[in-house]
Amino acid sequence: MSNDAKTMTIWQRGLRSDLIACLLIGLIAVICFYAMPSGLSLLTRIIAIMLLVLSIDLVTGYGGVATLGHAALFGAGAYAAGIAAAKFGITDPLLMLLIGTIAGAIAGFLSSLVILRGHGLSQLVLSIAVIMLAREAANKFSTWTGGSDGLSGIAPSPLLGMWRFDLWGKTSYWLAVILLLVVFLILRQIVRSPFGMLVKAIRQDPIRVSAMGAPVYWTLVKMYVISGAVAGLGGALSAVATKVVGLDALSFELSAEAVVMLVLGGTANLFGAMIGTTVFIWFEHLVSSVNPFHWLTIVGVLLVTVVLFAPRGLTGIADQLRDKFGKGGAK
Amino acid sequence: MSLFEVRNLSKKFGGLNVTNDVSISLNPGDRIALIGPNGAGKTTFVNLVTGHIRPDAGVVMIAGQDVTRLSPRARVHAGLVRSFQVTRLFPEMSPEEHVAMAILQRMGKVEKAFGDYRSMPEVMAETAEILGILNLTPIARSRVSGIAYGQQRLLEIGLAMALRPKVLLLDEPAAGVPSSDTVLIERALDRLPPDLAVLMIEHDMDFVFRFAQRVVVLAAGTVIFDGTPAQVAADPQVREAYLGSYAE
Ligand SMILES: Nc1ncnc2c1ncn2[C@@H]1O[C@H](COP(=O)(O)OP(=O)(O)O)[C@@H](O)[C@H]1O
Ligand SMILES: [Mg+2]
């Protein structure tokens, strides 16, 4: 084993640790599957939102772009997949996911052209404008989107012709887990690559990057396209799993909550996005079932606590502990 | 034709002529010092030349190519590289990552979305060489925010080396460095390729005399002297501009 490690390149070692992380995530997914057979649709929802939060991590955590409109990309994927199924009879679930991914990438490209015009606060305002316009458009074209009633009539055919989307959501769940693992592996490659390093550098000092002769604007646009694809996949997954798409997929609330989940988990390491989403939605689910009237207050208190005592999020706490007790881990 | 030529460059901020009809040219291998009192417009000159600020008038040429209207990035590709008076680095990244990124940029690989630079032998070898020249090997993997300012200044020079420019503009490379460490900076500058044209802004006249074959003096945005180091100290206009502070 240690002999192997010596002959492996750093890239291969990175891939190995990613595969180990995938095994762990898969193991957790198996445990969850057996531990709460009635909670599979909640878990699937968590994974769909996780894809949205991961996609925000790419542009905000890594790229430093401030956005409160990212659900536009998620919603684009959800509506594209939903409309393909409900209006064009494209019910193959993988095809629906592909359509959602492409729609998300296109939405990412278009919104980046708007959002990257601004900096700081104006960037934030532009991103809010994007989500509001997107929502308004979906409301307006109700013949296509179902407007405020939502888009129904989405009936995905069995996955690969073999697995029906059952009442318990088992097929959706495993589909979601596999998508998450694939996305995670790809994103780990991207963030460790020269391109990923360039994006991180742009967050820290774009003028320095341009003085080194590297592209700033188009690099961020590209990252936005990748991010849009991931968010669009998340939206399409939610359309496939829930068989409806509502205007809430295109909401400012979802955009803002997703940013909160990212901050809660910790930015720019991908794990934070996944942990933050899980903790937030889980907590929301628990608290709202115990006390449906005050769950927002309780979630608010949780957030203030995290931001005050662990400004770098839950994964930041882990980093601090690791720094404190020596071991410099691979990151 | 010169390698690098600035003709009649002008810039006003408000009513103030910060750069006033400045012309300078450099040939391969030149070592030129640009000096002048604080606020003379030296940094603005660099910003105008590299495209970080738009000039009101004038032309910037690199190897016969008019780059006056190009972006800072395109000028780097044409061979013009600068360093910053106040260090601009990426605080969360290591010296190794800085230099590797500059090398990747030069090789046209900085946008590769796959692979890891640490698994690219040609990138790693050159990175190690540059960090070695600068004595930065021991801290190659530390965060830049945690290393000494003098080391950050050296890394600024390292970035310039990694980009292999034709023309290098150094804005006070030794500013803020304890005098005990300026020798390290001088040594790093000695290792620059001989055919590279270098224009250095610097206040320490001893350093200027050791470094430059030619000195250009800027005062209130205007070139008031362009000649050898031996002549500059004797020039009455230069003496006046400095109110005698550097003249011996
Ligand atoms: N962006 C700017 N806007 C307005 N005035 C500026 C700007 N940059 C520099 N100046 C002014 O231009 C003059 C020259 O500044 P600078 O080029 O930094 O001088 P030096 O580098 O020679 O010390 C100073 O008076 C400074 O206040
Ligand atoms: Mg200056």
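Backbone N, Cα and C define each Cβ position, glycine as well.
Keep in mind that TrEMBL annotations are predicted by a computer and have not been checked by a curator.
Summarising the annotation, TrEMBL assigns transmembrane segment to A:20-36 (among others).
Sequence annotations record features per position, and here TrEMBL assigns transmembrane segment to A:42-59 (among others).
Taken from TrEMBL, the feature transmembrane segment applies to A:71-90 (among others).
As annotated by TrEMBL, transmembrane segment applies to A:96-116 (among others).
Within the same chain, residues 14-15, 18-19, 21-22, 25-26, 29, 33, 40-41, 43-44, 47-48, 50-51, 54, 58, 62, 93, 97, 159, 165, 199-200, 226, 230, 233, 237, 240-241, 270, 274 sit at least 6 positions outside the transmembrane segment (A:172-191) and bring their C-beta atoms closer than 8 Å to a C-beta of that stretch. The transmembrane segment annotation in TrEMBL covers A:172-191 (among others).
Here TrEMBL flags A:223-246 (among others) as transmembrane segment.
Here TrEMBL flags A:258-283 (among others) as transmembrane segment.
Here TrEMBL flags A:295-314 (among others) as transmembrane segment.
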How about long-range neighbours of the transmembrane segment (A:71-90): same chain, 6 or more residues beyond its ends, C-beta under 8 Å?
51-52, 55, 96-97, 99-104, 106-108, 111, 130-131, 134-135, 138, 144-145, 151-156, 227-228, 231-236, 238-240, 244-245, 249-252, 254-255, 258
Long-range Cβ neighbours of the transmembrane segment (A:258-283) (under 8 Å; 6 or more residues past either end):
21, 25, 42, 45-46, 49-50, 52-54, 56-57, 60-62, 67-68, 70-71, 180, 184, 187-188, 191, 200, 298-299, 302-303, 306-307, 312-316, 319, 331
Under an 8 Å Cβ to Cβ limit, what residues of the same chain, 6 or more beyond the ends of the transmembrane segment (A:223-246), are close to it?
41, 44-45, 47-52, 54-56, 58-59, 62-63, 65, 70-71, 73-82, 85, 93, 96-97, 99-109, 111-112, 115-116, 145-146, 150-152, 154-156, 165, 169, 172, 175-176, 179, 183, 187, 190, 199
